[in-house]
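TrEMBL has this to say about the protein:
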- A:10-17, A:87-91, A:142-145: GTP binding site (BINDING)
- A:1-214: domain 'Tr-type G' (DOMAIN)
Amino acid sequence: MDILRFATAGSVDDGKSTLIGRLLYDSKAIFEDQLEAVERTSRDRGTEYTDLSLLTDGLRAEREQGITIDVAYRYFATPRRKFIIADTPGHIQYTRNMVTGASTADLAIILIDARKGVLEQSRRHAFLTSLLRVPHLVLAVNKMDLVDYSQERFEEIREEFTAFASKLNVSDLTFIPISALNGDNVVSRSQNTPWYLGTSLLHHLENVHIASDRNLTDVRFPVQYVIRPQRANDHAFHDYRGYAGQVAGGVLKPGDEVVHLPSGLTTRIASIDTFDGPVEEAFPPMSVTLRFEDDIDISRGDMIARPNNQPHVAQELEAMVCWMADGIKLTPRSKLSIKHTTRTARALVRDLHYRLDVNTLHRDEEATSLGLNEIGRVSLRITQPLFVDDYARNRQTGGFILVDEATNGTVGAGMVLDAS
Amino acid sequence: MLQRDYTTSQLDVLEAEAIHIMREVAAEFERPCLLFSGGKDSIVMLRLAEKAFWPAAIPFPLMHVDTGHNFKEVIEFRDRRSVELGARLIVASVQDSIDQGRVVEETGRRASRNRLQTTTLLDAIEEHEFDAVFGGARRDEEKARAKERVFSFRDDFGQWDPKNQRPELWSLYNARIRKGEHIRVFPLSNWTELDVWDYIRREGIEIPSIYFAHTRKVFERDGMLLPDSEVVQRGDDEPLFEAVVRYRTVGDMTCTGAVQSPAATVEEIIEEIAATRITERGATRADDRSSEAAMEDRKREGYF
């Protein structure tokens, strides 16, 4: 059994909560006491149906205002897979939350109301999904029961969305006609859509191939922590020096020749250690400890790669940045703390090239700042070299966060472009 | 674990993520500590810490907030495990907080020291100047927790502001704080109750005996089975009886209910949980039942 992380986008009106509620309920991830609590609250408020959004709206303010404020994580499992849902709100702070939820997602589900078709909001969600390079996208055309399960309507929506998606970086796009309320094509295929030859949504989630979404080509090992045992009576490990980290790309094996950055020195992997014994291979997302044949001065923030396949060593970066702070703006000359893999440095915004309208994809080159939930292309100068790849090639070595040095808040998320 | 297509099981992925989180904390903070109660989640957390730093020792102390109302089997386990690992164990005592007048003991039949723990915990964090505190909380436990970050910021009053949390992207955690503030770190955020049990089985991890079926004198209150103990006040209308029970969660005796169960092995527990239709907190924790937002309110104040 492996794990599929997926993000859901859409508003309550699109039936998103109903869909999540149904997936959780049908996979027995909702428990009786949770359902009872929701039924009780629905009754107290005079709602006639059981409001499944109450299951996901965990904070008092959310329940009081009937809105979702923050990304909520939900869990369910079938015999085939464990699922982690990043449930992102449709209305409030959509960009910031959707970017957060999408950053770790293998797949995104965008819900569309079959009666309303592709809305501005759907295009926005699709754009953010592609910006964050979520490898798989599902367009769930919901409320098919309200359009008499019309194949014609479904095809219309499919054509319109496909045309829009061709402008984006979407590699795997699947359309599924569903009714979350009635359960059509959610868990099993529906009799009501005999013209639909694809699989149910859950079947798709269980079977979509994600193993090759990881980058197994470019060896990248950001050094996270140096392990030097200092137990006085432990002679076996007296001279032990291991470099711990989580593999961000490629497959490492003992004996492989590797290069250390920033020094550029080469050595070979002597051993790949874990608590459970040495292993013959390490690949994403394993957390392991490497030992090398030669004594090289290596510390946190350094990178291990292959001599003939190295990341870019960059102090000047081009990136798309999503700004997430209320109050503070990103402007040229902004100075921020930047965290990229295990390395933290300072960044200066040299230039803001344009601000992107996430609804129309129009580039506003006159823009002088980025505010909350705005996305733009920037040039950064970094105080020390970072070892980066294009975000499109590797999300781990292409993504970074920006932190405000005064408030310590996480104010921006960045994706490296044109690393060269 | 290794297959030709480089797939990894869900436990391997969760383990790798938790180890990454623990190393990140050890690298970025001056004075972390790990909350160790002797409960299953903190036991799993301890195993992950062993793995993260092997062959070195765990580079931070363990801390237990002891209400004085804990099960003796669990306290014995806590002490023995700390010694085996060669770890330093700090015990912060709620009784001390009461004696010092920092908190006032609740009275009456439903008196519990559960809420008092928050003050003891925050005082201990301040006294030892901890800047990062590992907790075993999981997002599947409770809906306020479903929205909590892996690195959860606390101000210098130890408070959590759920509406003003730092966005958390990829596996990049923001560790910046000012003096007096701290971060609660939850390496098990993405684990479910079943994952924890599957991991205990896979790793062959020892857990306190009260998780397994045993015969115990109990009485019923609000549909929960509370233990016969000098620290639990029982009314005349609450008769004692003997039952074969086990605990799904381990907390204070005053607010932790047992479930009737014959499950005597980890395998049987896993079977039972896979079939159950009630959450572990709903079945066994009186502290979460007081209101819809009970957990959120306690967390805002600085609870675990």
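Using the three backbone atoms N, Cα and C, a Cβ is placed for every residue, glycine included.
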Provide the three-state secondary structure of A:GLY10 (GTP binding site) computed with DSSP.
coil
Once the chains shown are all counted, how many other Cβ atoms turn up within 10 Å of the Cβ of A:THR88 (GTP binding site)?
28
Taking the Cβ of A:MET144 (GTP binding site) as the centre, count every other Cβ atom within 10 Å, in any protein chain shown.
27
Applying a 10 Å Cβ distance cut-off over all chains shown, what neighbour count does A:LYS16 (GTP binding site) have?
27
Confidence summary for the domain 'Tr-type G' (A:1-214), mean pLDDT rounded:
85
